[in-house]
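Trainee: Summarising the annotation, TrEMBL assigns Zn(2+) 1 binding site to C:81, C:83, C:151, C:173. Feature annotation from TrEMBL assigns Zn(2+) 2 binding site to C:85, C:86, C:173, C:410. According to TrEMBL, the substrate binding site annotation covers C:384, C:385, C:386, C:387, C:388. The feature domain 'Metallo-beta-lactamase' is assigned by TrEMBL to C:15-230.
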């Protein structure tokens, strides 16, 4: 029985991840993400109302039209975690396949939200929840397993397909963090077991593969320590305090609110996406907000909260969206004087995020920081650790899994090439057992493990 | 008689140049520029309708309020050249001084345009034209001389004040270019004569002082050669050709139109500021446009011209504004599909300009280039040479002028510091005979040369 | 009584720190360091045998010849900490002054070592030990205080001079680290008290002032966490393990040996300077080495130890010199195959240091890493945190001390300029109350606090 | 008949180029170069005395041992130009093949020199000279053609193999320069004709493919202009003048000596490799040295010449080796005070070369420049244009040749990937018709054009 890996999206960019694995006549799809960066190219893009084919043409969602030429039956659409570049196209693409959507509970909740927000298509695929550590029979020949891993959003898993030809591992995205508070460490033992059983192919994300440092990515414990060192003193002072981070980064938000809760200040979680992710995480028992915390998402509620905070700034900690300086997000709007909260000299702004390095983010962030500074704020930048594996984590992972074939993904050609050089240090060779695919290409494995 | 140099603007930024020199009781002001980069900070900025004090507070024009404490009489406001960071604030500030405005003819014509566009203030200062190479008596003790130099706009001069205490040279901005076609080389001999007569102080722009390369800035002859090598073949082909450069860079526009005129194509100079600078330069006999060239400035006329060009793309060369990707300029609007000209596969776009390195320009340029490419255009970037002196030009200039004191200007502290290190290599010492001033500070020279 | 700060060395470079403070007729000197980077300029430099004037001419030690024109009496030579760029010139310069050397015990022990190694001069100045937190009367008008701070070597202090004109603080070098294991946190309370009493001037090192990140420097606790995450697994494996860090960084060496001691491996501290710093620190009760650790400094002993380690590589952890790839240090020699230890595939090399960014270090490190890799080693780079204050630590420090005047030091002009911009954000102004000095210049303060 | 391209060396690095093309049973080898950068890894490398297998193991020459498994007969070894990374391994590898060496006259003369310098092997292959523009029958089925191109050494050609399956083009290295004085422009018309006839595959060097600028590489005419602007004035002064450039860059040396010959100074071409390349080029009538020029290569002769120049520095222009700061080359030795020529304040040093960007070159150059500056010299850096095609030259070349398949070469994976992205803009697709090979891999083309 031959196995085929089909690169649908995310093999030429950081974004719009989608891959398919065909085992005999059965096809399993992994992820259906969007490419946020492409939205800027056409100013009139209104995703919720647009048709898939238009979005495909604009490069915003994966071009899955090639799937009609794939001779097989899609048995499942499997999601690794809840970030938009992995689930954001589900409402545009899933209805074309007669197959269930499979994800961990938190990821599934986010998928349901996405489906509800869609105006163009009706997605009625069955939803099947699978917890990390659990398995599910997909077809007579294929069993899906969710192996526990860590990332910057809760309940991220590394799906593994058990087939007669060997195991196929889809690890996109992950980091190896042994010190998160909401998630246990990755299941290294299980990865090693899979390696011993025989991994035919591993699809791996390459987000940080082109970086110079030969390091393991810092743990969230480092972020907690750095945030505490930054926040502790200013929390005692009279000035305002605003913190911004990724709305979906529940682990980080837990850390921030924990530190803030040791002060006398009330905590306000503000912004629409902050509400979406945090409310859901709190309802599911993942995020444990201190009593002093409240969440406001609607513009009206946010503005009323900001007005109160403006009057008694030393009584509040604001946790907001807008870490990339996106013009419509909350912190950039505060910086631009468009809300009821007036930044004043001495106010502290902690940016618990790195700049996602594209020119528009860099420009937006720069503008936001200059505006905040010209109002007198003090800014702490990059109080952050990455959610993606570093070079030496990748090396460890290769050694654990010992896959027969490697397929780097989730990056431009430069990043796939950098991962390839790392893998070649570990004994692989491009074209022999490490394969660079372009969107739309497939790699066939005959013979199995 | 003491001499005092007063740093009003441009000593903490690249922009809003304004300096004053006080000799006994007489004060001469050099330049009144704006700081375009600051306009982004406040979105609601409408320069033409705003009051000086608001613009000063926003950091957009020099803060000349300190001049009311200067005990002396302003005798003249002297302009070195016609760029906005040197003349752009004239309509906001000049009316406060009872003194004539002095400039070369082309610079003066641009000043008059600026004054006419002003909605808030009425500027009625006398206008006195002075040609390069000429002198003018400013007061019994002071004679102004315009020494010929080169830059990226016609009729740039290096003003020099002859006083009993020595000569004060204001060289902001300049490059040393021996091969321009519209302007003769700088008057090196005169600079050396001034040096021998005795230069008390020289105020020098530091735009490129922080660059690594120890080079003399490339001549426009290099730009001409590079442009010819790029344009010659595509001009013979069937595809469209668009070239963008600085509207005020008449020398470059002359070169571009000369090369284009060797083909059979008609040349369209398009965009409001392209019309302003080129029409004026043509009327004054500076720019000699080929017969095949036409200028269109109003949106309507531009659009009609673009519609014609769209239908017969191989019959035209478009010379447009928008080299920095500014969203409202012409080329970015073409790239964004907002005009009658549709970019098609094979069209050539030559960007005869470097990116002015601030994050928003970088982002805008990147977005424009990605849009052009996604329409199939071929792009030639950075077909350009700088208009500012390189490190080794600065060294030559110091050796020619042999000034007793040096005052670096037109840069942030990092750039002033880099110039200082260069001057220290030539025997100066910070605090002794090279002085770093901040906006609002003054340096007094007692004793003269 | 006037106060004068005299910049002798370290105001145009990172290295050869030396400053003098003159209060009335009394002069106090701070630090006598060398500039290691300049040694490469002349290949034949043999420091131990060379005369001061030659070394001054070559830019290797501070040019203190200007001190003969200072009208006053040197009362003390005070050392802030034991790094070579602060104490390395003591044997060349101290004998010219009839004044005691004052330092904390560990720093003093290192000074004595330096004096004993000198071949050219005989230094007989009295040695006076002062502990952090203690004061010493220097002259009727001046009291010296050692305020506790943190850095990357034990017993670093921030000396403060109490005078009738106000306090002069010499904080060069420091970081703010609340989580070191061998040193308590900086005495923030005392810094605030000094601020309230009245600081006339503060001399501050600017090592990291030109970096972009607006952060507080990470604590050693981060380094401990990162090292543990890196080392834990490989220590259990069969392959070799080498760690290199700064010999003088006793806090780090303590952390490394603590982690290593949890394994079954023996720990070998290897290299001449490793022996010098560690033996002294252990004898003084600062460093607590585990029982499994031994120190070898002489080439013979080192080689014998390496031979044993080569045979049973999984029984040892090697802690070596050579983190910058300096050709004569131990790790580069191991990498180059010049010792008894043969690097083999699978060996782990942890570089617990950043590259000190000059071109020769970058080249040496690159060559060392390529050699290690071509032998099959796995390298972990930059497992490190800085020992110098970040931008936001500097801001905190300015707010604590509230000094009337600031004098940035220990950097090139670009770094002093970057610190100046930071101080200007805090309300200072260059030339008014923040002063950039060049080596050889002085700043006089009349009027006191 | 199948065609196979075998990547032997230069597909994972910039250096040691060697490729083979197998057409039916006939094999043609292109280039046999060395990888200079690897020599540093083992300090004891003595190339002239070492065996091929040792050099292969050290990564210094291509690993051609795989050729023994290639089922076919080597009919010719063809050289594109005379740089060491293309001919430097000829003496180590050519004797293993019973096949003639084929090259243009100047390249062949350099090959003969290399063979004569060899101590280990005896190379007796027949030498066949082929001029650019000419063809030679290699086997019944294969004709070799040398198409005229330009680079930074005279008589560079682009070899093309005419076969029944289509043409195979080997273009490694080249630039498109229409304004060289010693070489006519590339034969664009012939490239287009080959394209029309049918190019099966093109092997292309990627040296500058990863650079950002979308430009055509500047012509040597730019270098001539820049050099004249730099040199003209200093040549009239009393100070010394040294110029350093690539010894093999005869076009540049012609330009330098032409400019220098307009002054009254004598021109000294100094250094062993300067003698080798220039004498040969002069003897062959390629280089036309002015009468005022002399060449000295032996250390003794160089030193005597330097001694004369030292005494009457304003009577000479020195043209030397050492542009990368290599410690044993002439200019670095002058900078280090190891010759009879003492650099003095005011001396001018023109570096007509860029830094070949590896860490050791950067360090060596930095050290050399600092030494020259500390002696008072004025340095002009980077008075240079590249000898390699820019991105837009590559695009033009692809359009001219219209090859069925592309094989990027002469770069690390990052550079091959960058070229691939460029080719994909032109309609190629990785894995389909653009192929990334690793050293030792082969690409088979069945079916021909």
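Positions of Cβ are set from backbone N, Cα and C atoms, glycine also.
Unlike curated records, TrEMBL annotations are generated automatically.
Quantities reported herein were computed from a predicted structural model and do not represent experimental measurements.
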Trainee: Cα within 10 Å of residue C:388 (substrate binding site) is the criterion; apply it to the binding-site residues C:83, C:85, C:151, C:173 and give the hits in sequence order.
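Mentor: So the list is C:151, C:173.
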Trainee: So which binding-site residues are near residue C:151 (Zn(2+) 1 binding site), with CA atoms within 10 Å, out of C:384, C:386, C:387?
Mentor: C:386, C:387
Trainee: Within 10 Å of residue C:410 (Zn(2+) 2 binding site) by C-alpha distance: pick out those among the binding-site residues C:81, C:83, C:384, C:385, C:386, C:387, and say none if nothing qualifies.
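Mentor: Near residue C:410 (Zn(2+) 2 binding site), where near means Cα within 10 Å, there are no binding-site residues at all.
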Trainee: Just counting, how many other CB atoms are there within 10 A of the CB of residue C:385 (substrate binding site)?
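Mentor: Other Cβ atoms found within 10 Å: 22.
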Trainee: Could you tally the C-beta atoms, other than its own, that fall within 10 angstroms of the C-beta of residue C:388 (substrate binding site)?
Mentor: 20
Trainee: Roughly how many Å lie between the Cα atoms of residue C:86 (Zn(2+) 2 binding site) and residue C:173 (Zn(2+) 1 binding site), rounded to a whole value?
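Mentor: With distance taken Cα to Cα, residue C:173 (Zn(2+) 1 binding site) is 9 Å from residue C:86 (Zn(2+) 2 binding site).
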Trainee: Please identify, among the binding-site residues C:384, C:385, C:386, C:387, the one with the smallest Cα-Cα distance to residue C:81 (Zn(2+) 1 binding site).
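Mentor: Sorting the binding-site residues by distance from residue C:81 (Zn(2+) 1 binding site), the top entry is C:387.
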Trainee: Cβ within 8 Å of the Zn(2+) 1 site centroid (C:81, C:83, C:151, C:173 excluded): which residues?
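Mentor: Checked against the 8 Å cutoff, the neighbours are C:80, C:82, C:86, C:152, C:153, C:156, C:172, C:174, C:387.
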Trainee: If one measures from the C-alpha of residue C:387 (substrate binding site) to the C-alpha of residue C:85 (Zn(2+) 2 binding site), what distance in angstrom results, rounded to a whole number?
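Mentor: Distance between the two Cα atoms comes out at 14 Å.
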Trainee: Go through C:83, C:151, C:410, the listed binding-site residues, and name the one with the sparsest Cβ surroundings, counting other Cβ atoms within 10 Å.
Mentor: C:83
Trainee: Round to the nearest Å and give the CA-to-CA distance linking residue C:83 (Zn(2+) 1 binding site) with residue C:385 (substrate binding site).
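Mentor: Per the Cα atoms, residue C:83 (Zn(2+) 1 binding site) and residue C:385 (substrate binding site) stand 17 Å apart.
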Trainee: In the same chain, outside C:85, C:86, C:173, C:410, whose C-beta lies within 8 angstroms of the Cβ mean position for the Zn(2+) 2 site?
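Mentor: Going along the sequence, the neighbours come out as C:10, C:14, C:15, C:17, C:31, C:33, C:80, C:81, C:83, C:172, C:205, C:207.
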Trainee: Cβ within 8 Å of the substrate site's Cβ centroid: which residues qualify beyond C:384, C:385, C:386, C:387, C:388?
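Mentor: Apart from C:384, C:385, C:386, C:387, C:388, the close residues are C:152, C:175, C:217, C:218, C:354.
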Trainee: With every protein chain in view, how many other Cβ atoms are within 10 Å of the Cβ of residue C:81 (Zn(2+) 1 binding site)?
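Mentor: Result for residue C:81 (Zn(2+) 1 binding site): 27 other Cβ atoms within 10 Å.
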Trainee: From the Cα of residue C:85 (Zn(2+) 2 binding site) across to the Cα of residue C:173 (Zn(2+) 1 binding site), what is the distance in angstrom?
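Mentor: Their Cα atoms are separated by 10 Å.
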Trainee: Measuring Cα to Cα, how far is residue C:85 (Zn(2+) 2 binding site) from residue C:386 (substrate binding site) in Å?
Mentor: 17
Trainee: What kind of secondary structure is residue C:85 (Zn(2+) 2 binding site) part of, going by DSSP in three states?
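Mentor: Residue C:85 (Zn(2+) 2 binding site) sits in a helix per DSSP.
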Trainee: I'd like to know which of the binding-site residues C:86, C:384 has the most other Cβ atoms within 10 Å of its Cβ.
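Mentor: Sorting the candidates by Cβ neighbours within 10 Å, the top entry is C:86.
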Trainee: Let me make sure I understand the structure: which of the binding-site residues listed (C:85, C:173, C:386, C:387) has the fewest other Cβ atoms within 10 A of its Cβ?
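Mentor: Minimum Cβ neighbour count within 10 Å, taken over the binding-site residues C:85, C:173, C:386, C:387, occurs at C:386.
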